[in-house]
Structure formats: C-alpha cells, structure tokens
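Below is one structure; the comments refer to it alone.
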Amino acid sequence: MAEQSDKDVKYYTLEEIQKHKDSKSTWVILHHKVYDLTKFLEEHPGGEEVLREQAGGDATENFEDVGHSTDARELSKTYIIGELHPDDRSKIAKPSETLITTVESNSSWWTNWVIPAISALVVALMYRLYMAED
C-alpha cells in the first residue's frame, strides 16, 4: 500500500507498481518517480505498445535513450502519482555502463598530405594530356 510522508509524497513499493502493467492500469518508474500513464496510452506519439512494454517497471533508461523533448518532459510531470519507496530504489537494476571506444588517430602526414597531393598531380597531368590532344 502507498505510504505518505510529511510532504504529502505518496511512496509506492516496487511490488505494488509491478501489479500495474496492463492497459487498464499502466504505471512506470522514471527517475524514482511513479507515473500513471493509463490515460496517456492512446495519445503517446510512439504508440501504446512502447509504454505497455515498460509498464510495471523502471523505464528511465528507455525514456532517456529516446531523447524526449522539453515539452514531453513537462507533460510527463502531469502523470506523476508518487515516488518509488526509498527501500526499493536499490532493487532497480542500474543501467549498464556504456563503453565508448575511441580510435586514436594515427594518421600521418602521409595520408593527410602526400596522397591528396599526388592525386591532384595525377588529375592535373591527365587534364593537360587531354587538352594537348585537342
């Protein structure tokens, strides 16, 4: 059952949130806040199915991956019904770290200057030969 603190914030347990994962009641967690998206299902630009796949669980990573607009973020605030209970916050899987591989640029003056210079020289010679035939 939801608990209330002194600040009138309703806290929901993860177990309670997981019960709301169908089209009659669709709740998701975003940044430890609980959203009731039931009335928004048909209005969602990405389609109802996208929200239903995340229903009853943490949708933070997927929400951020999509790159929602400022308007979408403002609209989402109207669907907040409470927060995930602090005791359950550690139960949510943290997003896996994304490894970014960078390629060190070992390109030398050879590839940056000599090859383009030779290519330009060849094109100039071919042009000159072509013009000489006329």
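Positions of Cβ are set from backbone N, Cα and C atoms, glycine also.
According to Swiss-Prot, the protein carries these features:
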type	residues	note
MOD_RES	Ala2	N-acetylalanine
MOD_RES	Lys7	N6-acetyllysine
DOMAIN	9-85	domain 'Cytochrome b5 heme-binding'
MOD_RES	Lys10	N6-acetyllysine
MOD_RES	Lys19	N6-acetyllysine
BINDING	His44, His68	heme binding site
TRANSMEM	109-131	transmembrane segment
Candidate recorded positions Lys19, His44, His68, pick with smallest Cα gap to Lys10 (N6-acetyllysine): Lys19
For Lys7 (N6-acetyllysine), the one of Lys19, His44, His68 that lies nearest, given that the recorded positions are compared by Cα: Lys19
All-chain count of other Cβ atoms within 10 Å of Lys7 (N6-acetyllysine): 5
Tally of residues which DSSP labels helix, strand or coil - the domain 'Cytochrome b5 heme-binding' (9-85): 35 helix, 21 strand, 21 coil
Integer Å distance between the CA atoms belonging to His44 (heme binding site) and Lys19 (N6-acetyllysine): 21
Local confidence of the domain 'Cytochrome b5 heme-binding' (9-85) - pLDDT mean: 91
Residues satisfying Cβ distance under 8 Å from His44 (heme binding site), sequence separation of at least 6: Leu37, Val50, Leu51
Cβ neighbours within the same chain of His68 (heme binding site) - under 8 Å, at least six residues apart: Ser76
Those modified residues listed as Lys10, Lys19, and which of them has the most Cβ atoms within 10 Å of its own Cβ: Lys10
